[in-house]
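Taken from TrEMBL, the feature active site, proton donor/acceptor applies to 96, 270. Annotated substrate binding site per TrEMBL: 15, 75, in sequence order. Feature annotation from TrEMBL assigns NAD(+) binding site to 134, 198, 203, 220, 239, 240, 267, 268, 269, 270, 298, 299, 300, 301. Among the features that TrEMBL reports, domain 'Alanine dehydrogenase/pyridine nucleotide transhydrogenase N-terminal' is placed at 4-137.
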Ligand SMILES: NC(=O)c1ccc[n+]([C@@H]2O[C@H](COP(=O)([O-])OP(=O)(O)OC[C@H]3O[C@@H](n4cnc5c(N)ncnc54)[C@H](O)[C@@H]3O)[C@@H](O)[C@H]2O)c1
């Protein structure tokens, strides 16, 4: 199969959908890989490295879209890309269709086979292509939080690890899922005192088993949160209710009860945030202050560490890419129920319930497209 890897064109997106090692692996199966010139630059992968691995470097993205039977990307197609997708062409990427009618209508119109990373779902309901980015964001939340707790950038002026004779900083984590546990791991590693909340007691048991004793688990409730925000330096929002907006666990009136310079990192911002005062920000302008509380609400945190994120993402996507390339999308989906769940729009037909419901579009049974 001919596989195309265009350069990402979304603002500040430096990740790339395939590494040189991924190219090498696909070449072993006899596939032909087209990589757009400079596509890997932001992630530290040069054109020469891709060529050595067996890729053909293509200067014009139009040629890639025209020649490839499968396009593999990181972010959803935008601008001109929306007009380049072809009928029957496989497009494998993060789509997040339910958040954009423009994208949904465009991809229906193009007749491509759209397989969305974010809806590939294993039988245990885990999301294998979302997990690596949650792991990155969870770890980064502590790194960013520690930085913004410094006084010159309007934080309280607290060193998370403390020093001998001085107590460590206190980190409150809302949600003990992928993001929450990774954040707890980092914060406890720095020596901070960590409190982590969830409504799922199995998750709290898991955290209690695997993390050190200075990570304290507590059942999440409005009452508990209201009390804890007053005594913690860094608050990390990491809740998720699948398919719904994140609940407002930290309300506006709570800000006044926090100590000046408290830092909130609301990782759940991409689902509307779990802090009432959360507004999406960007890497160029990541923070704002309300009631002396510093908010960091960047919606694409992994984009800031592309060297790490590209590898983390492609470690997870490569087995699926190989499978689709070897078998074709129909056989690959038929043999793998997780990948089947990734089918969102197939040759103009919406086959994913969440997308049909979001825009009141007809939902086609996935068997219709086989
Ligand atoms: N900003 C970014 O760049 C970025 C990157 C990756 C993930 N995210 C987002 O981070 C959020 C968390 O992702 P995840 O992969 O950890 O999800 P997850 O499903 O693994 O974990 C979410 C946890 O929240 C818990 N929860 C639900 N309601 C709660 C409540 N009222 N109080 C406490 N806990 C509650 C759930 O029980 C679950 O354990 C999601 O919104 C995800 O989209 C953002």
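Cβ coordinates come from backbone N, Cα and C, glycine included.
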Which ones are near residue 75 (substrate binding site): of the recorded positions 96, 134, 203, 239, 269, 270, which have a Cα within 10 Å?
96
C-beta crowding around residue 300 (NAD(+) binding site), within 10 angstroms:
20
Of 15, 96, 134, 203, 270, 300, recorded positions neighbouring ligand 1, Cβ under 6 A:
134, 203, 270, 300
Between residue 267 (NAD(+) binding site) and residue 15 (substrate binding site): CA-CA distance (Å):
19
Specify the secondary structure state of residue 298 (NAD(+) binding site) as given by DSSP, simplified to three classes.
strand
Roughly how many angstrom lie between the C-alpha atoms of residue 269 (NAD(+) binding site) and residue 96 (active site, proton donor/acceptor)?
14
If you count the other Cβ atoms within 10 Å of each Cβ, which of the recorded positions 15, 75, 96, 203 comes out on top?
15
Quick check for the class: what is the C-alpha distance, in angstrom and rounded, between residue 267 (NAD(+) binding site) and residue 96 (active site, proton donor/acceptor)?
17
So which of the binding-site residues is most packed in, judged by how many other Cβ atoms lie within 10 Å of its Cβ, out of 267, 298?
267
Would you mind reading off the Cα separation of residue 203 (NAD(+) binding site) from residue 270 (active site, proton donor/acceptor), to the nearest angstrom?
22
Is it possible to get the count of other C-beta atoms within 10 angstroms of the C-beta of residue 239 (NAD(+) binding site)?
24
Among 134, 269, 270, all listed as recorded positions, which has the most CB atoms within 10 Å of its CB?
269
Whole-number Å only: compute the distance from the Cα of residue 239 (NAD(+) binding site) to the Cα of residue 270 (active site, proton donor/acceptor).
11
Which residue counts does DSSP give the domain 'Alanine dehydrogenase/pyridine nucleotide transhydrogenase N-terminal' (4-137) for helix, strand and coil?
53 helix, 21 strand, 60 coil
What Cα-Cα separation, expressed in whole Å, is found between residue 134 (NAD(+) binding site) and residue 270 (active site, proton donor/acceptor)?
11
